[in-house]
Structure formats: C-alpha cells, structure tokens
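Note sheet for the following structure.
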Amino acid sequence: MGLRIHFVVDPHGWCCMGLIVFVWLYNIVIIPKIVLFPHYEEGHIPGILIIIFYGISIFCLVALVRASLTDPGRLPENPKIPHAERELWELCNKCNLMRPKRSHHCSRCGHCVRRMDHHCPWINNCVGEDNHWLFLQLCFYTELLTCYALMFSFCHYYYFLPLKKRNLDLFVVRHELAIMRLAAFMGITMLVGITGLFYTQLIGIITDTTSIEKMSNCCEEISRPRKPWQQTFSEVFGTRWKILWFIPFRQRQPLRVPYHFANHV
C-alpha cells in the first residue's frame, strides 16, 4: 500500500520542524569535521564508526521526512462502512462525519484521524495509524544519533589522543570549544526530551493505549497490557518481522485489526 502525501500548512509546525532539521544539520557537519575525520586520519578510530554515524543520520532524516509527509490516517468525507462493522463506527460531533471508534478529530489539522495518538508540532503532522511506526523510528534514531554524537564529543576531549595536525585557519578549529559546547547543549537537551517521549510511546503501544486516550481517562486500566507486546508492536509496524521494525524505507502493510478496545468503548 503506497503512502499518501499529507502536507500541513502551519507556520508554528514549520518553525518546530525547522529547528529539528537545524540540530540535525549542525551535528552532521560539526561532529565529523571536528571529531570523526581528524581522528580517523590520525588512526585513532576505524572508518566503520564514520559509516555507522552517517548511516544512523540518514535513517533519522528519512524517518523525519516520511513521518512529516505521510498521511497519518485521515478519513475520507464519505467512507464506505462495512455492514459488519457499523456498530464500531461513530459520528464526529465536530466535522459530522462517520469515523471508526478510537479515531479523533484534530483541531489543528481540521479532520479526523484513525487511531490518532497526538498532534506533534516537531513533525508538523498528526501521529496516527498510518505514520505511528515512522514516528517511533524517528524517536529511536534521534536518540541513537544523539547518544552517538555525545559519546564522540566526550571521547574527543577525555579519551582520544590529542590531535597532532590542526589547521588553525579553519573557523571550526579556532572556535572549536564554543562550537562543541553548543553541540553538547543541544544534544543533552534533545536526549532528555526524546527519552521521555520515546518511553511514553513505548508504554502506550505495550498497553495498547493512545496518548489522547490516556489524557481523557477513557480506559479503566491503561497500565495493564490487553495483548502480548509482540502483537501490539506488529499492529503498529504492520509486520511481524521484527527486523523490519527498524527500516524506514519500506511500505507498511496494515494488519487487519479492529479499531476499538474490547472493553474500552
């Protein structure tokens, strides 16, 4: 199933996403320029570490772009409701359209989204049934890339041997300390924020509960898993092959699951 393009016109979301792209570009340029390539040239680190760094960076960027542009599960104006599932649908009191239960109307986007988790300004898009898996990959690779960059920043000053060849004519070399301090500040800030977000997302999937459902307290026991964790993750990622859960380049094939909780509606 191909991914439908979904573009949200929201200046606030553009600014938030632009900030994320800036942090990504800053680290993808500064860390290799100051740390990776100089230490590789002097034999302090193997080249595979540079390949891994760029690999994680590419996966992170692909997940960001696809999570931002993929239709999260917007409902059509005249959906075809299977006769056997009519009791699982309800009328939205904001847009007056029929929708599956567990859908939610996003006031910022102006339409209902299937199994909507929340609207995320950092990707300028809703997180719903069709792009939740990409959002999880974005959280994972952002955290991995941040840890990788912070680790090399620490090793650059406290573990690696001092560099013998330094071109002081380069701007990044003359102002290395200030540049690396800014990179460390952004990295620590990003790591703290993304760790909390990633944790809540994982708990939500394990308990089969969206963020909106948690906030509205519509579930009696949101902390008790109602399905095996392998099943809930497979439903989100659209495959039971765990290795594919980490690949942002593929297309998601949704598993046939109902849009409701057994005891939540």
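Using N, Cα and C of the backbone, Cβ positions are placed for all residues, glycine too.
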Under the annotation given by Swiss-Prot, are PRO79 and GLU42 positioned on the same side of the membrane? no
Measuring CB to CB from CYS120 (active site, S-palmitoyl cysteine intermediate), give everything in the same chain under 8 Å that is also at least six residues away in sequence. CYS126, VAL127, PHE135
When the topological domain 'Cytoplasmic' (66-133) is classified with DSSP, how many of its residues are helical, how many are strand and how many are coil? 12 helix, 20 strand, 36 coil
